[in-house]
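Just below is one structure, and these are the notes that go with it.
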Amino acid sequence: MTWQGILQIFVLLAVVTIVGFYLSKYMYNTLEGGRTFMDRVLVPCERGVYRICGIDPTIEMRWTRYVFVLLAVNAVGFVVLMVLLALQPVLTIFNPAHMKQVPFWVNLNTSISFMTNTNWQNYGGETTLSYLSQMWLTVQQFLSPVTGICLFLAVVRGFSRHNANTIGNFWRDFVRTLLWVAIPISVIGAIVLLALGSPQNLNAYTVVHTLQGHTQVIAQGPVASMTSIMQFGDNGGGFFNMNSAQPFAGPNAASIFFQLILGFSVPVACIFLFGKMVKNLRQARPIFASMAILFVIGALVMYHFEAVGNPALVAHGIHLASSHNLEGKDSRFGTATSTLFNNSTTAVSWGSVIASNDSMTPIGGMIPLFNIMTGEVIFGSWGVGMIGMIAYAVLALFLAGLMVGRTPEYLGKKIESFEVKMAVLSMIVPSLVILVLAAFSVVLKAGTSGIFNPGPHGLTEVLYAFSSGVGNNGSAFGGLNAASPWYSATVGIAMLLGRFAMYIPLVAMGASLAKKQRIPESAGTFPTHGPLFAGLLTGTVVIVGALIFFPSLALGPFAEQFAAHAGKLFGG
C-alpha cells in the first residue's frame, strides 16, 4: 500500500461529498416545488409530456396507486426490450454487424436486468447486440434509476408529511427527475467522456490486419452516451463486455475518476436531500458518516489484501518483484485505482468494473461481496440505497427502544410494529433469496454443472451471482455459466425480488408514517443527529449482515484464504 493509493480514497470521498451536497439543492428545488435555472427550458417540455399522455400531475396518489403505476411503467419497458431483442435480426436498422436473435433465456435475463437497474450481463455486448438494441438498453438505463428516486420520494414523504393519506404523484416525480436530473447531467457526462477519448458513432465495426497477419474486429458505436448514463444512473451495464476496462469506455485515469464522480453523485445527493425534505439537515450527518465509514473500511481492507498479494505463492516459495496481486488488473490503473473502483461500484451499486473480481485474493474479493450483502446501503443506487439505510435506522431505533423500554421515535414519528415489520421484511426477503438460491445451485445438477471452479471459490462465485442479482448491482465474479437456463432464470428471479420485494414494503412503511401525527421531542427521545446514532447505525448494518451471511462467507472466502496460506488454490 502507498500513501498515494490511500489518499485517493479520501480525495474521491471529499469530491463526491461536495458534488452531492450541491446537487441535493438542485434536486430539492426540482422535486419539492422550488425553482431552478432549467425551468424556463424544461417546464414547457414537462407540460407537453403531461398533455400528450393525458396526465394530471396535481392529483395525489395513495401508496397502492403509486406502486401500481410504478410497476406498470417498468412492465412496459420490460416487454418492449424483450420484443426488441427477439426481433433483432429482423430490425436491420442500426445493425451493421448483422447480430442474430438473442437466445430466450439470455433475453429474459437481460430484460429483467435492465428493468430493475441491475444491468447483469451474461453476454458480450459488442458481440451480441445491435446498435438499436444497445440504444434501447440506454433508454432503460434512464428509466430504472429514475424509478429508484420515485421509491425514495415515496418513503421519505412518510417522515416529511403528517396526517396524510397520500405520498405524492408518481408521474410528476418520474418526469421531473428524468427531465431535470437524468437527461441533462448524462448529456454533460457524455460530452466530457467524448472529450476524454470515448467514441460516439454509428459506424460499422472496423476490421484491421495485425502485424502477425491476423485480422481483428474493433467494436465501436455510441459508447460515450451509454457509458455516461451507465455510470451516472448507477446502472453498470456497459457497451463492452469488459465495461470500463475497455480502452474505449475507460481511455485513461482521468475518465475513470470522472466516472467514479458520476456514479457517486446522486446517491450522495440523496442523503442530503433526505435532510432537506425532513427540514433538518443534521439528520443527514450520521447517515452519511455511517456510509462513509463502511466505504473507507472496505476500500482500505480490499487495497491491503490486493497489495500484499496471493499468500499461496509465498507458501510455495515464490517471491515476485512486486508483491501486488496483479492478475485480472489493467496495468494502466494498477492495484490502488482498481480496488478503489471495484469497491466503489459495489458500494454504490452500479456494478461496472475495471478489474476482475474473480481474480482478487479471497478477502479482497469478499469485500465487494459483503458490500452487496449489506443490502446495497453503503451509498447504494439512486434513492434505494438511502431508503435501505432508513430501514436499518428504523431497526436500530427499535433495538435501542427495547433496551430502555420505550416506543422508538424517528423524526417525530412513532415507530410501531407495522413499520418494524416492513423494515425487517425488506431485509429478510433478499437475504433468504440469496441463501436459498445459492443452496439449490450447489446441490442440483442444473446449478453445479455451471460451476467451473468447485470448492470454496466456486461457492463464492455462486453467492456473488445471487447477491449481485438481489442487490441490483450487476457485477459478476465470473467462473459460472451464467447464460445457462438455470442461472438465467434464477438470477432473473433474484433481480425481481431484490428490486420490488425489498422496496415496496418500505413504501408501505412510508405511507403508514405519513398518516401519523408528528410528536414533539421529549427527554426520552433518542438523538438521531449525532455520532452516537452513527455508531449504532453502523453497528446494526455490520451485525445484521454478519449474523445472516457469516456461515456462508466462512465456507467461501474465509476458507479459501486459510487454504491459500497453506498453499492450496481453487481456481479463479
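Positions of Cβ are set from backbone N, Cα and C atoms, glycine also.
Note: TrEMBL annotation is automatic and uncurated.
These come from TrEMBL:
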type: TRANSMEM; residues: 6-28; note: transmembrane segment
type: TRANSMEM; residues: 66-87; note: transmembrane segment
type: TRANSMEM; residues: 135-156; note: transmembrane segment
type: TRANSMEM; residues: 177-196; note: transmembrane segment
type: TRANSMEM; residues: 256-275; note: transmembrane segment
type: TRANSMEM; residues: 287-305; note: transmembrane segment
type: TRANSMEM; residues: 379-402; note: transmembrane segment
type: TRANSMEM; residues: 423-444; note: transmembrane segment
type: TRANSMEM; residues: 486-511; note: transmembrane segment
type: TRANSMEM; residues: 532-550; note: transmembrane segment
Remote residues contacting the transmembrane segment (287-305) - C-beta distance under 8 A, at least 6 residues beyond either end: 1, 5-6, 9-10, 13, 17, 268, 271-272, 274, 325, 335-336, 339-340, 342-344, 347, 360-361, 363-364, 367-368, 370-371, 374, 377-379, 386, 389, 393, 531, 534, 537-538, 541-542
The transmembrane segment (135-156) touching the transmembrane segment (532-550) per 3+ Cβ pairs under 8 Å rule: no
Contact call for the transmembrane segment (379-402) against the transmembrane segment (66-87), three or more Cβ pairs under 8 Å: no
When counting C-beta pairs under 8 angstroms to the transmembrane segment (256-275), the leading stretch of 6-28, 135-156, 177-196, 423-444, 486-511 is 6-28
Mind checking which residues reach the transmembrane segment (135-156)? Cβ under 8 Å, same chain, six or more beyond either end. 31, 63, 66-67, 70, 73-74, 77, 80-81, 84, 94, 114-117, 119, 129, 167-168, 170, 173-174, 177-178, 181-183, 186, 222, 225-226, 229-230, 233-235, 237, 266, 270, 273-274, 277-278, 381-384, 386-387, 390, 503, 506-507, 509-511
Would you kindly list the residues that approach the transmembrane segment (66-87) from elsewhere in its chain, counting only those six or more residues past its ends and only Cβ-Cβ distances under 8 Å? 101-102, 104, 107-108, 110-112, 114-116, 129, 132-133, 136-137, 139-140, 143-144, 147, 150-151, 154, 167-168, 170-171, 174, 500, 504, 507
